[in-house]
Amino acid sequence: MNANMLSDSSSSPPASSSRFSSWFKSFWSSALRSKPLTCSVPLERVGGLVRRLGLLDLIFIGLGCTIGAGIFVISGTAAREAGPGVAVSFLLAGFSCLLNALCYAELSSCLPAVVGGAYMYSYAAFNELTAFLIFAQFIFDSHISSATIARSLASYLVMLLNIFPFFKENWPGWMDPGGVELFGGILSVNLLAPILVLVMTLILCQGLRELTVLNSFMTVTKVLIVLLVISFGAFKVDISNWSPFAPNGYKAIITGSTVVAYAYNGYDAITSSAEESKRPQRDLPLGMLVCVLSCVVLYIGVCLVITGMVSYKSLGVDAPLAEAFAAKGLKFFSVVISTGAVAGLTTSLLGQIYATSRVYVGLGRDGLLPSFFAKVHPTRHIPNHSQVWVGTIAGIMSGFFDVHRLSHILSVGGLASSSIVSACVVTLRLKHKDTRLAYMMGITTYQKGVICLLGVASCGFLAGLSCQSNVSSISILAVVVMAVLFAIVLHYNEEFTEPSGFSCPGVPFVPLVCIFFNLFLFAQLHWEAWVRFVVVNIVSIGIYAVYGQHHANVAASDLQSIPYHKLPSGESQ
């Protein structure tokens, strides 16, 4: 009898192994859930966000988020390496951004107009875990970016106020732009930055109307100042400063495009306004495309002017525009530029807090985060809880840490999000997704499409690594050819539907070019950026495994449950 018992116990799997297998099956089943898209969204539900934003408001939100540190700070840093060719760096990054915007535009016009942006798109096209990982990468970037912008805004504000004798040289140490370093530089205390974050958060909590008025005024101010910089600076250009145009070769220009790609982050904030837009299917795509094209023109114009005014070697990294004009004897213009920088960074900070809080709302509704984040003020129709949370995190980081040191890893989340959004366009357009392909070992049409997307992404990353490692051009060409073959297989062996709204041209080729180029730029980043990407994903999977999969509100994934505030009379058309 004992022998039989021993035999039975040895043949049965250990209880711990069985529990792990059951947990893993539950985890995998939850991770693969997706959001249905076949429902219609009601316009009237109590407690929802209110539709008040028109096309011009959306454009101003996009420009407000995008034009900031990129044009007033990053341009000088990138020019030190790329020389006058930094204009080409901005052009390459802008081209990639424009293609990405086309993909964002299609999804924003075809999917239900709810908050979430890339998170919601990936939830619909792929699965719950992918959506949560995209959220984590976006949030990591947003919080650090908000803190960085707050620090830069504090520095420019001090610089601007120093023109008045009362303020000059009378700033206390804790408000100095450099901050007060403690514990060997681990902490860098600057209390002006969190005060500015607090002010921006309070403005946002007043309501959407207050945000649009301030954002519109500040955005118009900074765009006019940028145009003044280009107009006045053009008369001081010495074309000899443009020679050599690429002093460190074309690779420095390509690497520079990965640095300045961060300067275009912000146009996707328009997608966060989907639930507050009067005509989202029309205005969201148009707003994003106008925003991106405007920024490309302004960035290239500024880069050509400042590198033509002075040698790229003489450009400062903290205030390149002001220093270029000072070198030409136009010191008074530095006041104008500082004013533009304050306006630009103010709208960037407002936009970051605004866009980030709306993404939190989406996850709070879906249960992947506590419902606290989804609460909307009953009369102001603003997610105050999420806005206060975002402002608190940004304020703490900007007040006690020199987050500028982390700015070189901020492009990771944007490149990852844009790549996923481009892939969403392809997968959501696929016909016959559940059809099994006998000649492909029984895999489905959807699975074959994902394999092709992964193939193109891998080729883009390998091409970037090859370019970074000085591999022969033949090897790079071979990788490009392989990517083209994946694209051809996807194009000629799949059927694609036509979207009901804005249509991204050249599907699947344009989204595939986006994926290839985004991963190419990703490979150019510093190794610390790769480490950051992996670590954030690992931590996010842990959070999802412990909290998200157990609290996800599957019923809320049905978009019929999302609340909306009724449109004012006459604005629904």
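Yeah, the Cβs are placed from backbone N, Cα and C, and that goes for glycine too.
A quick note: this is a predicted structure, and the numbers were derived from the prediction, not measured.
As annotated by TrEMBL, domain 'Cationic amino acid transporter C-terminal' applies to 502-551. The transmembrane segment annotation in TrEMBL covers 53-74, 86-107, 119-140, 149-167, 182-205, 217-235, 286-312, 332-355, 406-428, 449-465, 502-523, 529-547 (among others).
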Secondary structure tally of the domain 'Cationic amino acid transporter C-terminal' (502-551) (DSSP, helix then strand then coil): 41 helix, 0 strand, 9 coil
Beyond the flanks of the transmembrane segment (449-465) by at least 6 residues, Cβ under 8 Å: 419, 423, 426-427, 430, 443, 471, 476, 479-480, 482-483, 486-487, 489-490, 494, 512, 515-524
Recorded stretch, among 86-107, 217-235, 286-312, 332-355, maximising Cβ pairs under 8 Å relative to the transmembrane segment (502-523): 86-107
Stretch-level contact, the transmembrane segment (286-312) and the transmembrane segment (529-547), CB cutoff 8 A, at least 3 pairs: no
Confidence summary for the domain 'Cationic amino acid transporter C-terminal' (502-551), mean pLDDT rounded: 90
Proximity verdict for the transmembrane segment (406-428) and the transmembrane segment (149-167), three or more C-beta pairs under 8 Å: no
Contacting positions for the transmembrane segment (217-235) when only residues 6+ beyond its ends and CB under 8 Å are counted: 60, 63-64, 67, 71, 298, 301-302, 305-306, 308-309, 321, 324-325, 330, 333, 336-337, 339-341, 343-344, 346-347, 350
